[in-house]
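Engineer: TrEMBL feature annotations, pasted as is:
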TRANSMEM  56-74  transmembrane segment
TRANSMEM  103-122  transmembrane segment
TRANSMEM  142-167  transmembrane segment
TRANSMEM  179-196  transmembrane segment
TRANSMEM  202-225  transmembrane segment
TRANSMEM  246-265  transmembrane segment
TRANSMEM  289-308  transmembrane segment
TRANSMEM  329-349  transmembrane segment
TRANSMEM  361-380  transmembrane segment
TRANSMEM  392-411  transmembrane segment
TRANSMEM  417-436  transmembrane segment
Amino acid sequence: MGGLLIRFREFVNRGGDRTSLAKKNIISSFGLKFFDIVLEFLLVPLSLTYLTQASYGIWLTIFSLINWFNFFDLGMSHGYRNKLTVALSENDLESAKKYTSTIYFTIGFISLSTLFIGLIIVPEINWQAILNTDDVSEDILASLMILLTIYFALNLTSKIISSVFLAKQMPFLSNIINTLTKLFILIGLSALVIFYGEENLIFYAGIFLICPLIILITISIYFFSGRYKNFKPTWKYFDKEIIRDLLGLGGKFFIIQIGVTMLFMSDNLIISHLLGPKEVTPYQITQKYFGIPLLLFTIVMTPFWSAITEAYAKKDFSWISNLIKKLNLGWLGICVMILIMLFVFYPFLNFWVGENIEVPFFLALQWAIFVLLQTHNQIYTYFLNGTGKLNLQMWTNIFTLALNIPLSIFFAKNLGFGSAGVIMATNISILLYLILRKIQYNKIINGKATGIWES
């Protein structure tokens with residue numbers, strides 16, 4: 001046993017500081033994500049115990065809208081992450097203080113403005129018409145959307161701490177936030193089912209919205225009062241000139257973020273509007289099941305964004321090239337995992353949520369294809385994000401944004417593929433991403449990139 005531990009330690013420490021740190025984060029994150037997956041799988045049947053299938057579908061659709069509006073930070077959190085990584089790698093605490101202070105006060109202003117405007121507009125919208133449902137009253141839907149608006153405004157600023165962890169190449173700490181959030185939600189939802197068995201969407205939503213805010217705010221105060229005190233946000237270091245700097249890189253991330261958000265998060269709304277909110281539930285359950293290999297691969301990928309930023313700044317191209325080759329080999333393991341999961345999908349589905357939820361095989365197949373494409377696409381997306389080569393991504397995102405929604409409607413409604421047609425349209429968009437990003441990576445790493453390929 002002692003010899004095994006020594007060999008394991010040697011493996012972790014092999015490859016230099018940058019690689020070793022990435023390995024430590026990946027190993028730590030795997031342990032947390034195991035609990036994440038268990039908690040996620042417990043939350044689904046517990047939610048279906050408390051809510052009807054239609055109400056659960058409505059909640060999934062409404063909550064997914066949060067991701068639509070995450071781009072209200074104008075992509076600054078991604079720009080900040082890259083800038084902070086470079087500043088800290090050069091031990092430039094002065095710049096780190098300025099970037100941190102500027103983003104907190106800027107996003108704080110955006111949050112307050114969004115809250116003010118949202119509280120005026122949200123109650124005036126006919127949410128029953130948008131969601132295509134009369135299973136939940138207009139008053140309850142309006143109340144849910146007001147709660148969501150308040151949550152979004154507070155979360156926009158609170159979640160910046162995650163960008164700090166990622167810039168420090170410590171995604172393990174960011175993953176702790178997710179795990180704690182799901183644990184608190186599970187405890188709160190269990191208490192709700194036990195002590196208040198009657199369905200109440202407001203109470204249900206309150207648990208999902210309050211828990212992450214409490215955890216994010218508490219962790220932010222803890223770290224900026226201790227370990228990160230030397231670059232904590234203060235008004236003294238707010239620099240309006242840096243806003244332009246963050247928006248230069250962040251503006252491109254902003255456009256990319258809009259495209260990705262519309263591509264991935266419009267699905268629930270399209271399905272709810274065309275097919276009814278009940279159809280969102282099997283769609284989301286299938287996503288959660290096949291999302292496991294995507295989640296695992298994202299754990300592997302997350303430390304490498306900032307590591308690539310550092311390596312590219314230091315012109316360590318051989319390290320980047322070797323990393324991409326190893327990640328492509330790892331992707332083959334994901335392919336095998338997805339094939340096995342597709343084979344055992346229906347037995348597991350019946351064990352997990354019972355026989356009341358029906359999922360067509362074509363829907364399961366499309367989600368399997370989605371994960372295959374998206375995990376492979378992640379390899380090159382993280383490279384381009386880490387190096388700041390965003391122009392091609394930006395323009396392809398605009399193109400697929402214009403293509404995806406009408407294509408989803410055509411497949412789902414006109415061709416009669418149902419919800420499977422929606423994810424099928426997304427798969428076509430991701431395939432386009434993958435082809436172009438792989439070409440761009442090869443051009444950059446071989447020093448042959450010109451024009452839009454190098455910008």
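Backbone N, Cα and C define each Cβ position, glycine as well.
No curator has checked TrEMBL annotations; they are predicted automatically.
Given the structure is predicted, the values throughout are model-derived calculations rather than measurements.
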Engineer: So which of 202-225, 289-308, 329-349, 417-436 is most in touch with the transmembrane segment (361-380), counting Cβ pairs under 8 Å?
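Structural biologist: Counting Cβ pairs under 8 Å, the winner is 417-436.
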Engineer: With Cβ distances under 8 Å as the criterion, find the stretch in 202-225, 329-349, 417-436 that has the most pairs with the transmembrane segment (289-308).
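Structural biologist: Answer, by Cβ pair count: 329-349.
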Engineer: Give the nonlocal contacts of the transmembrane segment (202-225) in its own chain as ranges (CB under 8 Å, at least six residues past its ends).
Structural biologist: 47, 50-51, 59, 62-63, 140, 143-144, 147-148, 150-151, 154-155, 158-161, 164, 176-177, 180-181, 184-185, 188-189, 192, 196, 232-233
